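Taken verbatim from TrEMBL:
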| type | residues | note |
| --- | --- | --- |
| DOMAIN | 10-461 | domain 'Major facilitator superfamily (MFS) profile' |
| TRANSMEM | 42-65 | transmembrane segment |
| TRANSMEM | 77-94 | transmembrane segment |
| TRANSMEM | 100-122 | transmembrane segment |
| TRANSMEM | 134-155 | transmembrane segment |
| TRANSMEM | 175-194 | transmembrane segment |
| REGION | 204-232 | region 'Disordered' |
| TRANSMEM | 282-299 | transmembrane segment |
| TRANSMEM | 319-340 | transmembrane segment |
| TRANSMEM | 347-369 | transmembrane segment |
| TRANSMEM | 381-406 | transmembrane segment |
| TRANSMEM | 418-435 | transmembrane segment |
| TRANSMEM | 441-460 | transmembrane segment |
């Protein structure tokens, strides 16, 4: 099989992984509260279960990323991580106790840590100018899963039979369904996924070295100049410093390193966490990751009580609303994928933050205390949610792409794990923040708007 076909199948499998992660979220979330109620769980237990999934992913992300950087491979890591998804979802299906349900989400969350290895892998096999396009496509796959996932509940809610000692009903069926899907994915990884060589790097060397160096330096120069990179590298290791600015760093032709030597040398030689992450541009991008996910999950938590209070919406209306938001997000990712070929990542990030700030101010004015009658309140609500969702793809894609360019390529898996852990922390704190302040909307939305203003300020600086 030629490398081109291997690359297509590998990218398809990666898209499938992110698609299933979206399906899992969309299939389990609508029924998990009722499921907990059948197990006599207290209301606070819902927050624990949802946070457990993010918490274990927060811890496993850097570990899997570090593993991929050390070995230079991701296939074995994906196969290992998928085992946690399979076991975790089967535990969810068993319906034994609320503690087993909590443990099931904790175990399944470990499998999500493999995402850091995937982003590190994509960084190493794609050119810098193509990276935002690839990341946008991958993220759109997860949103597609979120959009299609609720449709599976149409037939899962009809399940009512026994499978040996286990009961298959509308609450346990999502766990069994996802367990089977992750088993099928395991087969897809075995037969359709390859640890590809650095094809893009070779292509850059052959034909377009000067052009890509100019583009990479243009993208990174305002964030961190090459002299600053060397100055921040007290060991004097210039190749490491250069790779912090240009992930597609090309070794000088006068002293090429053999591939065996590259494989045997540790990517963490001369690596310093403070030197890698406590730099202004990296801090800004990590802040963007945290604040946007914090606001997004807080909004998701806030919306359902808000629509029930002002519009009397039930499960059907909320499902339709989430589906429409999913369509908007997918369209946004596709647009950003097109835009990233024509504009710099910084410009895309700036556009996204501008939209998010407008949305924050709108929600603070009109959603904290909706004005007018029912038609006006509904219009204000729709505009606020539309603007919030619209800005998400711009910020999400731009900050991931920029982060891969201002951190070292050799340790990209670990770096992406740290980035995803910061996002995991946001997805834990966002629902807790919104859930505790549904009766104090000005405080809730005011803090969200203030965080966006702070992020915009440090981006400008």
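Don't overthink the numbers, they just go from 1 along the chain as shown.
Each Cβ is built from the backbone N, Cα and C atoms, and glycine gets one as well.
Bear in mind that TrEMBL entries carry predicted annotations, made automatically and left uncurated.
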Taken over the domain 'Major facilitator superfamily (MFS) profile' (10-461), the model's mean pLDDT: 78
Return the stretch with the most CB pairs under 8 A relative to the transmembrane segment (134-155), choosing among 77-94, 100-122, 381-406, 418-435, 441-460. 381-406
Ranking 77-94, 100-122, 175-194, 381-406, 418-435 by Cβ pairs under 8 Å to the transmembrane segment (347-369), which is first? 381-406
Contact set, same chain, for the transmembrane segment (42-65): CB under 8 Å, 6 or more residues outside the stretch: 32-33, 36, 77, 81, 98, 101-102, 105-117, 120, 412-418, 420-421, 424-425, 427-428, 431-432, 435
With pairs closer than 6 in sequence left out, are the transmembrane segment (77-94) and the transmembrane segment (418-435) joined by 3 or more CB pairs under 8 Å? no
